[in-house]
Structures are given as C-alpha cells and as structure tokens.
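Following: one structure in structure tokens, then a few remarks.
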Amino acid sequence: MSSVAVLTQESFNEHRSGLLPEQVGVDEENLPTYKDAFPPLPEKAVTPEGPQETGNAWTSKIKPLKSSIITQVFHVPLEERKYKDMNQFGEGDQAKVCVDIMHKTGAHLELSMAKDQGISIMVSGKLDAVMKARKEIVSRLQTQASATVAIPKEHHRFVIGKNGEKLQELELKTATKIQIPRPEDSSNHIKISGTKEGLEKAKHEILLISAEQDKRAVERVNIDKVYHPFITGAYNKLVGEMMQETGARINVPPPSINKTEIVITGEKEQVALAVTLIKKVYEEKKRNATTIAVEVKKSQHKYVIGPKGNTLQEILDRTGVSVEIPPPDSSSETVILRGEPDRLGQALTEVYAKANSYTVSSVSAPSWLHRFIIGKKGQNLAKITQQMPKVHIEFTEGEDKITLEGPTKDVQMVQSQIEAIVTDLVSRMDYAEISVDPKFHRHLIGKGGANINRIKDQYKVSVRIPPDNEKSNLIRIEGDPQGVQEAKKELLELASRMENERTKDMIIEQRFHRAIIGQKGEKIKEIRDKFPEVIINFPDPAQKSDIVQLRGPRTEVEKCTKFMQKMVAEMVENSFSVSVPIFKQFHKNIIGKGGANIKKVSSSLTVTHLEVTMECVIPQKFHRSIMGPKGARIQQITRDHNVQIKFPEREDQQGKHLQSHCFSSFTNYKLKIFKAISCKILKLTCFVLKKRKLSYDFRDCPILSTGPFKLITIPISNCERGLCLAAPAEAPVQENGEANGDVKEPVDPAAPKKCDVIVLSGRKERCEAAVEALKALVPVTIEVEVPFELHRYIIGQKGSGIRKMMDEFEVNIQVPAPDLQSDIISITGLSTHLDRAKEGLLERVKELQAEQEDRALRSFKLTITVDPKYHPKIIGRKGAIITTIRTEHDVNIQFPEKNDENQDQITITGYEQNAMSARDAIQAIVDELEEMISEDITLDSRVHARIIGARGKGIRKIMDEFKVDLRFPQSGAADPNLVTVTGRPEMVDEAIDHLLNLEEEYMADVVENESKMAYMKPSGTASASSDHEPRGPSKGFVVREAPWATDKAPDMSSSEDFPSFGAPVAAAKASPWGPKRF
C-alpha cells in the first residue's frame, strides 16, 4: 500500500528534527506521484547508433522565447508603383523616400526587384516600428486607391474611439488613411484611402464596429411640449417609474429648453416598451385633457411658479393639472391650466391662492429722504426687517417711492410704519440747493475734505457735491432746517470769495527769480507763509520769461504785489553793474602780478550809504535757538537784511574784551566812510568766510593819528569780508570805567548784561528789520489741555508720533510724566509756529477720539444659527466664498471650533450695518442650499475614476458646468455604485443625463478592456477569483510515493537513486526530461 505525505513547512521541520510525520488521509487517485511532480533531469541515452534525444513532458511544456525584432516582407506590384523608372532603381526619389522612412520609424528597409518589375520590401525592427514603416511605404511608395463606407452617423464616434485611439489603431493595422466627417456635417460616409488590400480590411473592421452598435437602439419621439409635464410627472416620478420598469433611459428636455424631442436609449426591446408607454400617456392626455386660460398679473407669476418651480410641481402632484406660465420676456399675463376637467377647478383655486399670497405695494417718499429712512448703517430699516423678514423693501435711486413686496398682511404693516417715518422726517427735515461753478468745487471741499467735513460736523447736515464727471453746478444740502440755512450761507460766502479771486502778472527780470525763490525755496516759502491765500507761479527757466503770476483774493494779491516789488527794487539797487569790453589778451595786465592792479581798483571804491551799529537785548539762553541748526537762521537773517550780527561770548567765558569796530564791505565793494587822520601806508588782512585770505595795500589811507594801533583779524559771523581795528595795546580800555586806573562807576542793576546783547551793523532800516526778525525767533511756550489717556497715543510707538509732529511744526512738545496724571502738554517754539502746532495737536486729539468711537462701533457682534452641514459650503473651496464676504462687508466671521458646544453658531464682528449685510449674505447662501435637492443615481464603479479625472479635473469641470455638487462613495461603502448629485432641480437633471452619457461611453471601453484581459489571465485565475468561500488552513503540496515517506531506506549504491555525473544509463530507460544537450 502506497503512502501519502503532506509537504509543508511544519512536516519538513518535524522530519529534520527526527519527529514522526503526521499522515493525513487524502484521495490517492487525485494526487500526483513524486516522479510526475519532480521529473529527473534529462540524460543522454547511449545506443549503438549514438546518443539520441527523446521527447518528454518537460520539454513539451516549455515555450520558445521570441525575439523582439521581427521581419516582414511587403510586395508592391508594378501597376501600383509610384516610381517606375527602371534605370534609377536604388537611386533617385525612391531611395530618398526609403532613407527618410528609416529615419522616421527606426526600422531597416531592404528593396529588391522581382521579374515582374514589382518591388519586394523587407522591413526589420520592432513591431511598432515595422507597422509605422508599413504605413509610410504604402502611402509614399504605392499608388493610393479610395473607397467610402456608409454607417449610421451615431456610430462614427465608436470608430474614432477615445481621444482618437481606435482610429489610429485601425489606420496602423490596415495601412490606410480614414477620414470621418465632422459632427456638424450631415454625411454618414467614411472615406478610406490606401491599397486595395488595406481598403478591404478597413471596410471590414468599420462594418464590424457598426454591427456591434446596431444591437443598441436610440429612439427619438416628438411630443408636444405642453404634454411633457404629464410624461415626467410631478417631481419626475412618472418618468422614473417608466425607466425602472423598462430599463431604458428616457431623456425629457427641461422646461427651460424649447425642445419637443424625447430621447430613449437602451436595448431595442426596452426602448420599444418605453416608447409605447410614453405614447400611451400622450394619447390619453391628448384625448381627455382640456384647458382654461386665466389672467394673472405679470408681477404675480413668480409666486405661482415658486422657488425653482416647486409650486408648479406641487399643483401637478395634487391635482394632476399642468400650469403653463408665459416666459419672462413675454408681456402676456395669460396663464393656461391643462388637465382633467374635474380637476381644473381645484387647480385654479390653488393658482389664485398662490398668486394672491404675495403683494407688491409702494410708499411715496422723496428720494433725498431715503437714506434717513434707512438710518445710520441701516438701523431704522433693520428694525422693520427683523419684525417682518418676509417683506422685501427696495429703494430705487432717483425715484420718489419705496417698493414693498411680500405677504399681504406683512406688507400692509410695513407700509404703515414707513409712511409714519416719512411723515415725521418731512416735518423736521429740509433741504436746499445752491449753484456753484464746478471749478470752485474742489476749493469748497478743501484739502482732504477739510472744509466740507467741518461744515457737515458743525451744522449737522449732509452736503452732496457732484463729481467732476457729472459737470453739474448744483450742490445739495440736507438736514435740520436751521443747519441747512447756515451751511448754505457759509458755502455761498466761500463761493463768492472764490469768485472774487484775481490773477495778476508781475514783470520781474528772470535773473532775479532764483534770488526771490532762494536756496531750496526758502525765501519763496516765507512769502507764501506771509500771504497764504496767494498762489505764486514762476515760469519755467527754459522759457526765459519775466512774467510771474499771482492768484488769490484781490486784497491779498495787491499786498503781495507791493511786497515783491519792494524786494525787487532793493535787489536792483544793490546789484548795479557795468560791463566794460576789454580784449582777452589784456586781462592779465589789468589783473596785475598777484592781483595787485585789480586790488588797487577795488580799494578805490567808496560807499555811498552810512552804516550804524545797533544793539538787541535777548537773554543768552535763547541764543542757540535763534541761531538754529548750524547757524542757519542767523545766516538767513544776515542774507535777507544785508547786515552783520555778532553774538556776545558766554557769561562764564568773559574776560578782557577788546573794544573793536567791525567794518564790512558790501557786494559792490564800496568802503565805509569813517573819520580819519593822516597815517602811514599799512598792509591790512581781510578775513573771508570761504577760508581764503586776501591782502590789500592801502596807500595814503587816513587812519587815526593817536598812537600806534594793533592790527588784528577775527572771523565775523555772516560777513562776506571784514577787518577790525583795535585800540592801542599800550592803553587798554577799562570795562565800565575809565582808563589810567580811575574808580569804576556803580553798575546799574537795570542795565542789560553784556552776555545778552547782540550787536548788529548795517544800514539803519535794515538793522531795525533784522532786530524784529531776531525777536521773532525768540521761542515762546504755550500749554494745551489734552486728556491724559490719549498721551500715549500722541507719543506713539517709541516716540515716533510726537517726533513727527515736532519735525512737521518745528516746535518742541513736552508731555508730562505718567506719574503726574496731568492733562497739560507744553509746546515751545516760534510764535509763528505755535498756532499751527496747537491746531495740529488738537486735530490729532480729534482723530484719536474718533478712532476710539470707531473702535467701539467696529466691536458690534452678531451671532447667527446655521446648520453645521452648510458650513463647508459657506466657507467655499480654499475659503474663497467666506473671504469674499469678509472683504466686501469689512467684517470678521468666526466659525465654531471642533470642541465648541454650539457647533451651529457663526459669529460676525464689525460695524452693525456691515454685520447685518454679511448676515444677509450668509443667509442667502443658506436659503439657496436649502432649496437644493439631492438625487442618487447608480453609476458603475468601474467608470468612477474616469469621470473624476486626473486630480479631480473631470469632476470639477462637470460641477462648474452644471452648478451641482457630486459625491462619490468612499472605499468600503455598502453600494459602491451609488453617486449623489446635489443642486437645483433643473441642473441636477441635466447633470444626471450627462453622467449617464459618460457612463455609457466609458463602459464600452471597460468591457473591451476586460475582454482583452480575460485572454491574458491564466486558466485557473477566473475560477479561483470567483471562489469567495472561506478555506481552511493550507495543507501544502501533497504528492504520493515521496522519498521521505517510504519506510525503506534509500540504496546508496543504486545508480538510479544516486546517479553519478556523466555516467551513461541504459537506453531502455528514457528520461522524461529529454536528451541531454551537452
């Protein structure tokens, strides 16, 4: 009796460890033997004739490997050859074409000519290269024939295939060119060009494809549009039942599309049954249904239709009567009811009930009162809409009425409330209109709206100035009657003042323009500050014009003109010049060696005006402020008034002072006249501000005759060039006393200190003007009361705010320490700057107070309740929708966190009106979402991936096109074929039709691919995959007569059990492995 062993890992381990193997009883007849399962290797059979190869089971099962390189031979008969020149075989155009084909396809071509003058072409290469080369050979080396094949137009797309793949495959396979008419072409003929053999093959393949599609049927039935509702039924129930009963797909065009054709697709029997049912319903309704026409106001049609046609579907469902509403672009008010005679009365009652459930009314109200009715940020209107949310209130710009729409009772209540508001406003509000030339509008508004905002705040009125593009001169003022009159009066005064403006042209030589403007415009800025209402325009230097234009109020223009004329006259007086023509070659002789000659000429000039010395007493602590940064202010005064200014030494540095006299020479080099006595020739040194020293020889110059003098040079502030003569060194002058040791007189306590005395030298009137200018530079301190809590905002981050004000107004602002809790801020600076600084500070205080009020208004919070399932739709893809709402309404919208208790609460923060608007926007989205419907359809799960597309591109395109939302089942879902479509009813229907069309198209490819894959799978795969029954633990591979299962030990000397390598065996014993191959 033979033994049976189970060859598993456990049994093998037991065998290795010396344990007894566990034997399992199995049907021996069905088990292979060890030798069958593991045949021995092939041996060489030694026979008298020599070694012979014997067949065996192993060699019979091995399939030979195929080379990837194939070779095919194509024959082109003489009558089909394109190139028939026998003398140029292997040369000329034919050879060039062959070389080009080899380059294009990568295949190798060899040509030979047969006795019948035909060409044999041997093509070698990979399969795809050979097929491409074959197509090129047929098209370029062989004459072409053409033929047409006619198949139904709807079958053309199956010949083309997805992305044209089927057509390309067919052309390669048959080596032909196939032309299919475009969709808009009504022809059903397909043109084929190529060889005769290829034509026949292509025709055969196309007809096969058409024959496969003939098994399916498409039927188009024309049914009057008015009977479509009876075929679809209320909410598409009837057509759904038909499709479920017949298995065919029925496509009824939606009401918005004016088509009468109903398309039925499916198997022929299913389509025929569906057509029969549809025609049965049509004939029955056509025979029994009657119509009545009623008049309903055009404005009430939308109430009969209902949101997305729901009311019409509801009437059809209850009564079985179809209600036909004229299109919106039609002026007709006739509504037609079609159905069974006994149901028409009930349907008519419902139509009138729906039409009269809403009403439209209007309230007369002047258009200028509309914004007061709405209230600040919509407060007044919000109270009404909260009480009556179903009433829609519409304000039309430019019309003196307000339109109300909603339920009749609610509209009546809202109308009475608005009429009461209008009556109240008319009794206490007024308006006025004034006419002002548009060119003055921007002046009335002021810089940054300063003027018009001041008038609005002061008189509590609203002023509307038309924009420039309207070109209107009408300004409207609305508000309290008294405020309107006062604002009107002020605006008219401003307008008349502007109309009184005058433009005057002054003739000023262009050479003075730069001097009047000053360095960096400093001088012209002073003139403009002195006459702020006057606009001064200088011509462009390139124009070389002498005309300077002044524009402003008449009186101010006159004052500015006189001031500038005086300034120009002084410039002309102090800038007299005479030009002397001298040949250039004589210039060096006139200058002389070292400038001696020209210095003589300069020293001979005389001054025609007497100069004086004047003292100005200003406390020393203000001297540094008067000088300005780097002495800029004092230099400006020196240049403007043409005087010399000397500041005293500091009080703690005063010692012995030299009693000196400072002399200056002016731009015309006229020397000062002074009392003189005969003197010797002296050489004097002049100090120049440009850090150059010039030496002058004064011969026969009268000098004081009393004793020898000490000659010194010192720098004098703002002096163009100067020299000093000091008292004799032998007889020093005693301060506050007399010389030669006389007793000092008592010091007058009322006398000013020397350290406070500033000395000015120059012409008397100029010195007086300079003294006034110096006194104007003495800083003054004023105090401004500012609430303590605003101090830190005025200072700003790291002092930036207060530094900006100090730089802008050129003052010093001192804020008290926080521990003082003081409201007083000190401003120190020039008196001319203090007023502007105070106004600027107070303006900043107003801004801060307004910001505090605005911050309080912006903190208004509003909470709305929205079902959490709508939250993702409100947020939108990547937050696009919620970001748009936040931006448009300038609010912050906060959705609940995951752990919040109130998951349906959305918080809106911002201005109250904006928060209300944002709430309405969100509520509108929610209302739209609630009106949407969801329908489940069955789509084969095998086409889901193709419909979704790469990275969801396909599904996004469908969702954008039909405005719907698609939800595909997750992996592991109970029904993997169930797809949910959500959106408006009409769009859902169209989207479903589109998806079913795609399914039908893609399923053809899926079935084709599966049929191909069936041939590629092993024979046992299909049955194994279909067996879903649970199997027990594997017993391993079981064989009979295994060596390890026998009780007999193997014979070590047996050459059969243990063959030696290369040893010959008896010829009678043939090995199943076949003969040895070495």
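Placement of Cβ uses the backbone N, Cα and C atoms for every residue, glycine included.
The domain 'K Homology' annotation in TrEMBL covers 143-211 (among others). Across the domain 'K Homology' (143-211), the model assigns an average pLDDT of 83.
Annotated domain 'K Homology' per TrEMBL: 215-283 (among others), in sequence order.
For 288-356 (among others), the entry in TrEMBL reads domain 'K Homology'.
Look at TrEMBL and you will find 357-423 (among others) tagged as domain 'K Homology'.
Here TrEMBL flags 428-496 (among others) as domain 'K Homology'. Sorting each residue of the domain 'K Homology' (428-496) by its DSSP state yields 41 helix, 16 strand, 12 coil.
Per TrEMBL, domain 'K Homology' is recorded for 500-569 (among others).
Under the heading domain 'K Homology', TrEMBL lists 610-779 (among others).
For 780-846 (among others), the entry in TrEMBL reads domain 'K Homology'.
Taken from TrEMBL, the feature domain 'K Homology' covers 858-927 (among others).
Residues annotated as domain 'K Homology' in TrEMBL: 931-1000 (among others).
The feature region 'Disordered' is assigned by TrEMBL to 37-57 (among others).
Here TrEMBL flags 1017-1058 (among others) as region 'Disordered'.
Taken through DSSP, the domain 'K Homology' (500-569) splits into 39 helix, 17 strand, 14 coil. Just going by CB pairs under 8 A, the stretch in 215-283, 288-356, 357-423 that sits most against the domain 'K Homology' (858-927) is 357-423.
For the domain 'K Homology' (858-927), the number of residues in each DSSP class (helix H, G, I; strand E, B; coil) is 38 helix, 15 strand, 17 coil. The largest share of C-beta pairs under 8 angstroms with the domain 'K Homology' (215-283) comes from 931-1000, of the ranges 357-423, 500-569, 931-1000.
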